[in-house]
Amino acid sequence: MEMASAFTLNVRLDNIAVITIDVPGEKMNTLKAEFASQVRAIIKQLRENKELRGVVFVSAKPDNFIAGADINMIGNCKTAQEAEALARQGQQLMAEIHALPVPVIAAIHGACLGGGLELALACHGRMCTDDPKTVLGLPEVQLGLLPGSGGTQRLPRLIGVSTALEMILTGKQLRAKQALKLGLVDDVVPQSILLEAAVELAKQDRPSSRPLPVRERILAGPLGRALLFKMVGKKTEHKTQGNYPATERILEVVETGLAQGTSSGYDAEARAFGELAMTPQSQALRSIFFASTEVKKDPGSDAPPAPLNSVGILGGGLMGGGIAYVTACKAGLPVRIKDINPQGINHALKYSWDQLEGKVRRRHLKASERDRQLALISGTTDYRGFAHRDLIIEAVFENLELKQQMVAEVEQNCAAHTIFASNTSSLPIGDIAAHATRPEQVIGLHFFSPVEKMPLVEIIPHAGTSAQTIATTVKLAKKQGKTPIVVRDKAGFYVNRILAPYINEAIRMLTEGERVEHIDAALVKFGFPVGPIQLLDEVGIDTGTKIIPVLEAAYGERFSAPANVVSSILNDDRKGRKNGRGFYLYGQKGRKSKKQVDPAIYPLIGTQGQGRLSAPQVAERCVMLMLNEAVRCLDEQVIRSVRDGDIGAVFGIGFPPFLGGPFRYIDSLGAGEVVAIMQRLATQYGSRFTPCERLVEMSKRGESFWKTTATDLQ
């Protein structure tokens, strides 16, 4: 049976050809290799039509133009040559579109990303809607790749090399007005007139490319270009620590095209695309993409979720304010905050105001939309307005009696169907639900700070939580724009449990004489966004170390931290960034300066700060403990799958995405190698490095956690 066409041609009475893109049976338009023959057949008809005046590409999907190329195509390539051929096929197709003798216009509504933007760049003009769903970008770098269908060559010539490099190197997505300002699109119109406006543009001569700004013209010359690539190369190397080969290749390919001409540029682009597709970094990043897509589809349980019409929040602190913001402004749900202190409510409201006002200032949001979203948030010092809330999120202090009291109050003041979700980071959910009259409606919903930025949430059912409560809480987390993983109700849950030994080991190395900045730099070089000591300063030393006794009580001495160090630091009133006193020095607010370690830290912990370990040795000690604990969590069914374990670590603590998560990283090293490293470390530093039983068994049998493909588990 012949596949239904994703591209259909309709020539209007005014001799404008409208090519409608609608991939059958899919919510999103993505480009597949097999569509090339369909497009070529249409191009042949267009060339033969001597009456033709212009061509318009438009999508039939309600919220996307083309979301990119189908990533599975890359996974199907076995060699760099096959992936290179895929890129050349894309380049050729775009060249044929560009070579049409009449004006070709892309009418863009919704996401226009990756191969979708490359198709739009091959057109002679672009028009897009002013809808918030409309975004344009080349996100291939986030998959360890570069744009392979001409994007590295066309974009710099259209909008200037420095602006294009920023887009391609970061995967940054532009809104309609930004795209217009930069010259990426020729006009922005309401969705209702998009097609007609594009048709009118197609009836005119080809849109002439607007002159580049003076700065971009200077940077396009040999001297300016040399300076630009040197500066951008340095900045990129600092940011990626050399862990992402795609960024280096992007710079190389763009420079080749500008220095040697487009023909050499296209050759370099296709070759680099093929080689990058085979790198372990790209394979790991693609695996994270597939895993996060799967997690977002996972309902959490087999039961249907209950309706969600409104939410309540207990506690107007930093977490409560952040949760209120994502509930109202991302999920679009009315939210009511209860705090015993009116000041707490004011803080929570101000938090949302600050977030939204920032968007208004950056012109990402209209003032009227800011006001509409803020109107969804209200506050109270009692339970008025809570009677019919579907779900209550508790974000009060980490105190078991207080949280149990909150459960009792919610059961007394809210409806019989109301779910109680605790944002605890360390207390067992079963204990919080111990005196509940409806324990099946009590669950953990653990957000990470800052709430609006951290993509992960842990959903923690206790033994008596109902399947519907799980499904409803997962549904809310997704509405809030989060990636939820369901974890078992054991001390530390998953993320904090694997993070604690990593941070403990960093503190232990401090006591051995390693310097703060050396430890942090070693882990940043390894691929973490910040080092463990800086992370402790950011989350709060008091908050970050509070969980250690809980974990030590549950799992034994492998979780013990050098107690004298922690107490010495806390007794010196050092809580980190929040009180301006931590391991690092904090200047006046608003001043940006390079982080400096507070030299008073070393006498406080009784060392000179004269370390002996190399950066790889420092990283090895911290990371191996994290890997070992992640495997224990899988063994104890704290996480449901290695997929959830990898996603939890990457999205929850910034485990290096180019390594694919703890389980994929163990696979890349081999279980045998991990066991050998840990046994060596156990001999040197003690029994906390003893590899867990499952790793030892896997090393004997030569097993791995993942199969070879990006999405399959063993």
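The backbone N, Cα and C atoms fix where each Cβ goes, and this holds for glycine too.
Taken from Swiss-Prot as is:
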REGION    1-190  region 'Enoyl-CoA hydratase'
SITE      Glu118  site 'Important for catalytic activity'
SITE      Glu140  site 'Important for catalytic activity'
REGION    306-714  region '3-hydroxyacyl-CoA dehydrogenase'
Protein Cβ atoms within 10 Å of Glu118 (site 'Important for catalytic activity'), excluding its own
29
What is the Cβ neighbour count of Glu140 (site 'Important for catalytic activity') at a 10 Å cut-off, with all protein chains included?
28
Distance, Glu118 (site 'Important for catalytic activity') to Glu140 (site 'Important for catalytic activity') (CA atoms, angstrom):
11
Could you find out if DSSP has Glu118 (site 'Important for catalytic activity') as helix, strand or coil?
helix
